[in-house]
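As annotated by Swiss-Prot, ATP binding site applies to Gly10, Pro11, Asp12, Gly13, Ala14, Gly15, Lys16, Thr17, with the evidence given as sequence analysis.
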Amino acid sequence: MKGRFFSFEGPDGAGKTTMITKLESFLREKGFDVLLTREPGGVRIAEEIRSIILNPKHTEMDGRTEALLYAAARRQHLLEKIIPAIKAGKIVLCDRFVDSSLAYQGFARGLGIDEILQINQFAIDGFFPSLTIYFDIDPKIGLERIQKNKQREINRLDMESLSFHYKVREGYLKIAERFSDRIIVIDASKPVDEVFAMTIAAVMDQIEGR
């Protein structure tokens, strides 16, 4: 079977990670060979970069530094883990990818979507997912979910203002409109079962070539 690459995006607290975990189980039950991974991280070097980026103590980090660190982690992750898995015929489910950088650093940080895209084009050399699912939710609801989740570790980006998180969402919606051939938007405020059904439908359409 031909390998596939799917990425999943959303503001903090959209339930993205929960959906990906459920999707992984669903696909495995169907007999697919699945790799679940995340960004920043996924491989040792990228995980070390992740610890630097998300450390709550690093409040002085410049936006461009942040963007470059994400791109560096992404490059290593792609070469070391994602591409080999796709070549081996696996279905790769990635919790965040390029679009996170476009929304967070490009739009919310005000560095420019095109500028951040250019940095990432250099990092990934044109290797985009075949499909990206963006889980959309009001940031206020998302942050309330995070605060209720006692098991989730609070990172540096969680500590940003509510207005920043609204900018992130606005950035995502602009990106989804611009790259509508690759990105689909799912309303994550709907019941979990409904969101999951839409997620499965979108992924299976790609896998089965519908």
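Using the three backbone atoms N, Cα and C, a Cβ is placed for every residue, glycine included.
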Number of other Cβ atoms within 10 Å of the Cβ of Ala14 (ATP binding site) across all protein chains: 26
Chain-internal residues, separated by at least six, CB under 8 A from Gly15 (ATP binding site): Phe135, Ile137, Arg145, Ala188, Val192, Val195
Additional residues around ATP, ordered along the sequence, whose Cβ is within 8 Å of the centroid of Gly10, Pro11, Asp12, Gly13, Ala14, Gly15, Lys16, Thr17: Phe135, Ile137, Gly142, Arg145, Ala188
Neighbour tally for Gly10 (ATP binding site), based on other Cβ positions within 10 Å of its Cβ: 27
Cβ neighbours of Asp12 (ATP binding site) where a neighbour is any other Cβ within 10 Å: 20
Cβ-Cβ distance under 8 Å to Lys16 (ATP binding site), same chain, at least six residues away: Phe8, Glu9, Gly10, Asp95, Arg96, Phe135, Ala188
Pro11 (ATP binding site), number of other Cβ atoms within 10 Å: 25
